[in-house]
Amino acid sequence: MPSGSSESPADALRASDSTPDIKPRSRDVTDGLEKTAARGMLRAVGMGDDDWVKPQIGVGSSWNEITPCNMSLQRLAQSVKGGVHSAGGFPLEFGTISVSDGISMGHEGMHFSLVSREVIADSVETVVQAERLDGTVLLAGCDKSIPGMLMAAARLDLASVFLYNGSIMPGVAKLTDGSEREVTIIDAFEAVGACARGLMSREDVDIIERAICPGEGACGGMYTANTMASAAEALGMSLPGSASPVAIDKRRDEYARRSGEAVVEMLRRGITARDILTKEAFENAIAVVMAFGGSTNAVLHLLAIAWEANVKLTLEDFTRVGQKVPHLADVKPFGRHVMKHVDEIGGVPVVMKALLDAGLMHGDCLTVTGETMAENLAHIEPPDPDGKVLRAMNNPIHPTGGITILHGSLAPEGAVVKSAGFDSDVFEGTARVFERERAALDALEDGTITHGDVVVIRYEGPKGGPGMREMLAITGAIKGAGLGKDVLLMTDGRFSGGTTGLCVGHIAPEAVDGGPIAFVRDGDRIRLDVAKGTLDLLVDEAEFESRKAGFEPLPPVYTTGVLAKYTKLVGSAAVGAVCG
C-alpha cells in the first residue's frame, strides 16, 4: 500500500529552518494596549504577567454525568492541563455536549445522535476561533464525540492532540441456570429479543441489565467508540498506545499528561492537524479498522473527518484498502474479546506493526509525537499478535477486511455491510418493507418476520430520518429471537458498532431523495452478494421504472429546531453525511 512518494510531511517539517510562532493566535487577546479588557478577563481565570508569552491551549472535553462513556474525562483533563503547564503553555478548559447512543437507542432520541457529531465540531470551532486559542487537546469517550472532536481538529488545522476516555471493563452475569459469562451492553439488546420470543426469563434479563456496565468507560467491544479511538491512533492524532487501556487504568493519566506536553511541542515544531491528516494517514486508519473488523460507522466518520481536512476520501478507498488487509481481531461483536483483552496483548500498536511489516501501512506518516508512525512503533517495540485475540497475518479470520462496500441497483451511490459476520457470501430473500424502525419492531414482536425475509427499513437516512438512526434495537431483537443468520436487514439508516447479524446500511441515495430503496415493495426478491460487492433488486426494469410515477416522499418529521436545520443541510451517507 505505501505509495513510494518522495518527501513525507515529517521530512518536510524537519527540513524547515524557520522558527514557528508558538502563539500564532492568542496574541490577538494578550498583546497591546487595546487588549487591556481581554487581559483583565484572563487574569480572573488565573493568568498573570508571566503567562502572556505562553501559548494558550484549549482543553476541550465532552465530560458529562449522563453516560459512563465520558465520566473519566474530568479527571483526565486535569492531567492534560498539568502537562500543558509543564511544557510551557497555559491550558484553558471548556466543555461540549455528548449524546449516549446506549440510552437514546430505539426511540425518538436516536434522531439526535448523529447531529451531535456536527454540534460538537461546530461548538469546538466556535470556542477556539472566538477565544483565539493556539492549540487544543480534545477529549472524548463516546461514539459521536470522538469523530466530532477529530472533525473540529481537521477543520481548525491547529496543533491538536486527541485523547480517548478509555473503554469499560466487561461485566460478569451469573444467570439462573448457574452459568456465568462476560457481558457488554450489546447483550442487553439481544436479551430483550430473546425474552420477547420466550427464549430468556425476565429474571435473567434483569441480571444482565445489572451486570453490563460495572463502571466508567465506553462500551467495551470493538464497537464504534473503540473503533474510532483505534482509528484516531492510526491516523496519528493520538499518542501511540493510548487507545486500548481501559478507563480506570491509571496509565490514562500519564497519556493525558503527555498529550498536554505533546500539543505544546507541536506548536514549537509548527505541526498542525492537516500535516498529520493526509490521504495516507486515512488509508492507515482504514487498514486498522479493517483488521479489527470494526464498526461500519467508521466509514461514515472517516469520510467526514477527511472532508474537514480537505482530503479526497471515497468509498472506493475503503474497497481498495479492504481488499488487501485481512481481518485479524477476534473481538466483539462477532468475536469473543473486548478492548481490555486487546490492551493485554499490546494494544493497537500490535495491529499497526503487523500491518506495517506486511507493507499494508504508510510508515512515513507524521504523528502528534513529531515522529512518524514507523518511528513510534520502533520505540514501542510492540509484540507480535498473540494468535488468539489477534491472529497472525498468515492465519487471518478472513482474508479481506471486515467491512465491505456495496453497489448495485439498490445502492447506486453505495452501501456498507459488516462482512465480518457473514458465514456465506450470498443471501437472497423476500422483501418485507417498513417505513421507519418502529414498524419493523412491531412486526418482529408479532412474530411475522420469518426465515428468508429481507427486512427493508427506509426513511431512516440522514435527511429522511432525520439523523440516520442506528438500528441496534431491531438487530439485537432479531438476533435474540434466533433469526440473526436467517434474516437480512437493509436500511438507509445506520447500525450500531455493536450490531451483529446480516445487516446492510448507509444505502444511498436514501428514500427521501428518491433512491431505489423508496420503490421496493413487499414480496420483491433482493439479492446480496458480499464477494462481488453487489446489492440488487430483482425486479423487471420496466416495472421498477413504473413505480416512480408520481413519487412523493414522506413529509419531514421535524419542521423546527436543530433537526429541521440539519435536514436542510445534511448530505448523503456516501460522502459522510456532512453538513457542507
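For all residues, glycine too, the Cβ spot is worked out from N, Cα and C.
These features come from Swiss-Prot:
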BINDING   ASP101, ASP143, LYS144, GLU470  Mg(2+) binding site
COMPBIAS  20-31  compositional bias 'Basic and acidic residues'
MOD_RES   LYS144  N6-carboxylysine
REGION    1-31  region 'Disordered'
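Structure coloured by features recorded in Swiss-Prot.
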{"residue": "ASP101", "record": "Mg(2+) binding site", "DSSP class": "helix"}
{"residue": "ASP143", "record": "Mg(2+) binding site", "DSSP class": "coil"}
{"residue": "GLU470", "record": "Mg(2+) binding site", "DSSP class": "strand"}
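With DSSP classes pooled into helix, strand and coil, the tally for the compositional bias 'Basic and acidic residues' (20-31) is 4 helix, 0 strand, 8 coil. It is ASP143 that, of the binding-site residues ASP101, ASP143, GLU470, has its Cβ surrounded by the most other Cβ atoms within 10 Å. Apart from ASP101, ASP143, LYS144, GLU470, the Mg(2+) site neighbourhood in this chain, defined by C-beta within 8 angstroms of the site C-beta centre, holds VAL99, SER104, SER113, LEU114, CYS142, THR224, ASN297, SER496, GLY497. Cβ contacts within 10 Å of LYS144 (Mg(2+) binding site), excluding its own Cβ and spanning all protein chains shown: 29.
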